[in-house]
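> Take this structure, written in structure tokens, and hold onto it; I'll ask about it next.
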Amino acid sequence: MSVPTNRPGLFITLEGGDGVGKSTQAALLERWLLGLGRAVVRTREPGGTDLGAEIREIVLHRRGDIAPRAEALLYAADRAHHVATVVRPALERGEVVLQDRYLDSSVAYQGAGRVLDAGEVRELSLWAAEGLLPDLTILLDLDETTARARLGSARTRYDRLEAERSEFHARVRAAYLALAAEPQRFLVVDASRPVEEIAAEIRCRLDGRV
């Protein structure tokens, strides 16, 4: 069960597969929000804290296999610490938290990608986050072939998830689109469009809320 949204800040998350342009849009959105005079905390999962950086190194760069349930628990541990020490305090101060990946990533990557029970992964994530849901989740959607081409042009080395087979990434994308059937929280954006068009659509959705 989620906690009611009765906080002074605004919690925005960016989701989508690898190579869809989350970091680019996060940077543009941060610049726009700062221009409006809002205090912004830009962060990410995993890796938004010192502890999270260590967990990120394990889940993305450790050699060898990690059991799917162990992987899900590591992400949940990162989330619990990150929400308690970074996200909630910022929201309580009335700031905008702009975050690259959150619990929907766990449902898509560990639930669908790793073929775990998506409902259990979601409940684990909500427990770790004490029920905290974003005010808006921006899902950047892009077909896997284009996303992989973008990623390949920007990387010399793939992390553990990026290196998974195409079937894995197809399951992840399908899971994201299924999650986005929650229209009050999600904005689904066609990430094949020009960067500035995408940024304008995101700003339009936020107009009046910031």
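A Cβ is built for glycine as well, from the same backbone N, Cα and C atoms used for every other residue.
According to Swiss-Prot, the protein carries these features:
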- Gly16, Gly17, Asp18, Gly19, Val20, Gly21, Lys22, Ser23: ATP binding site (BINDING)
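Each of the listed features needs to be described in terms of its position in the shown structure.
Counting Cβ atoms from all protein chains shown, Asp18 (ATP binding site) has 21 others lying within 10 Å of its own Cβ.
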> For Gly16 (ATP binding site), what is the tally of other C-beta atoms lying within 10 angstroms of its C-beta?
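The answer is 26 other Cβ atoms.
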> Applying the rule Cβ within 8 Å of the centroid of the Cβ atoms of Gly16, Gly17, Asp18, Gly19, Val20, Gly21, Lys22, Ser23, what extra residues of the same chain belong around the ATP site?
Leu140, Leu142, Ala147, Arg150, Leu151, Ala191
> Report, as a single number, how many Cβ atoms besides its own are within 10 Å of the Cβ of Val20 (ATP binding site).
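Summing over all protein chains shown, Val20 (ATP binding site) has 26 other Cβ atoms within 10 Å.
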> Including all protein chains displayed, how many Cβ atoms other than that of Gly17 (ATP binding site) lie within 10 Å of its Cβ?
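I get 27 for this one.
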> Restricting to the same chain and to sequence separations of six or more, state which residues have a Cβ under 8 Å from that of Lys22 (ATP binding site).
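Lys22 (ATP binding site) has long-range Cβ partners Leu14, Glu15, Gly16, Asp100, Arg101, Leu140.
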